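A.B. asks: Checked TrEMBL, it gives:
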| type | residues | note |
| --- | --- | --- |
| DOMAIN | 15-162 | domain 'Ketopantoate reductase N-terminal' |
| DOMAIN | 192-314 | domain 'Ketopantoate reductase C-terminal' |
Amino acid sequence: MLKATLQPALASPLYILGAGAIGSLWATYGYQAGANIRLVLRNQVTANNYHQHGGTHLISAGQTLISLLAADCPQSVTAPIHKLLITTKTQHTLSALNAIKQHIDEHAILLLLQNGLGIAEQIQREFPHANVLQGSTTEGCYRQSDFEYVHAGHGHTFIGASANSDKHEQAARAQLAESLSFPPLKVDICDNIDAVLWRKLAVNCVVNPLTAIHRCRNGELLTRPEILAQMHEIIDEILRVSAALGRSHWLDDLHEHVANVATTTAANRSSMLQDISAGRDTEIDAINGYLCKLADQHNIKVPLNKQLLAEIKRLSSAGQV
Ligand code: KPL
């Protein structure tokens, strides 16, 4: 399918779909940098609440940055959207996009910045001419209350397109990365975003469900021998699936890497722990669910990942009654 170049969409306003932790980081720093940004919120009630609250409040380096961005709900979007940063939870992405589908230019840049895998392919099918890009970030940000977030740790963000996409777009992608690098956020392009996302998926398959089930912070996983043993077995299952897919070289030192992430984010409450504690649905289907689906397709047994998937679904439905 021939896609239009990224170039024309680059100059247009940035729309951000989803005002959660990651969306609010880009919204705040973009607003502070004077960029032309509009938020797309879930519905009119959320948009009214956003305005009543006085916009996004981000605690950053001991200061509260208040940013009152232009905020639309799907019904109030009027201009065509050429450049969209998607930061919704994976499980809400398609419905959120469908609600604004008629406003999305067919050649738009759709950049996904979220946990989990499997959504980009579905979006590309729904929007065949769009430039679907994916990103991965290590910025640490958590929600304090409605529209109030804390930027807890600085990180780095990489964006790129799947392996089979057009290499000639590299310069335009670099321009896009630069246009999203609102200080202090740093965005760079990556030649192999699939590898970065697969490595991130592997970490999320281990840290997210275990912290949610044991109700502990990331660092605590490493201090409990019974959890550590489970972690190693889960990682071995991931390595077997990766080998079947020819991706072992993307996961060098996975045991050490997971331990390093748990150490550097020791004080974090993982996003899944936060979702389970708040009675929200989780991203488990796009994390362990995605891995289990691939394992089934390749006849690989992943009993522990399946157990985690089932347990998180049980906890999630128990929390929502
Ligand atoms: O991505 C994360 C998450 O919480 O979703 C990790 C890396 C586990 C950090 O908390």
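Placed from the backbone N, Cα and C atoms, the Cβ positions cover glycine too.
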A.B. asks: What are the helix, strand and coil residue counts for the domain 'Ketopantoate reductase N-terminal' (15-162) according to DSSP?
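C.D. replies: So the domain 'Ketopantoate reductase N-terminal' (15-162) is made up of 46 helix, 59 strand, 43 coil.
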A.B. asks: Helix, strand, coil residue numbers for the domain 'Ketopantoate reductase C-terminal' (192-314) per DSSP?
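C.D. replies: Counting residues by DSSP class gives 95 helix, 0 strand, 28 coil.
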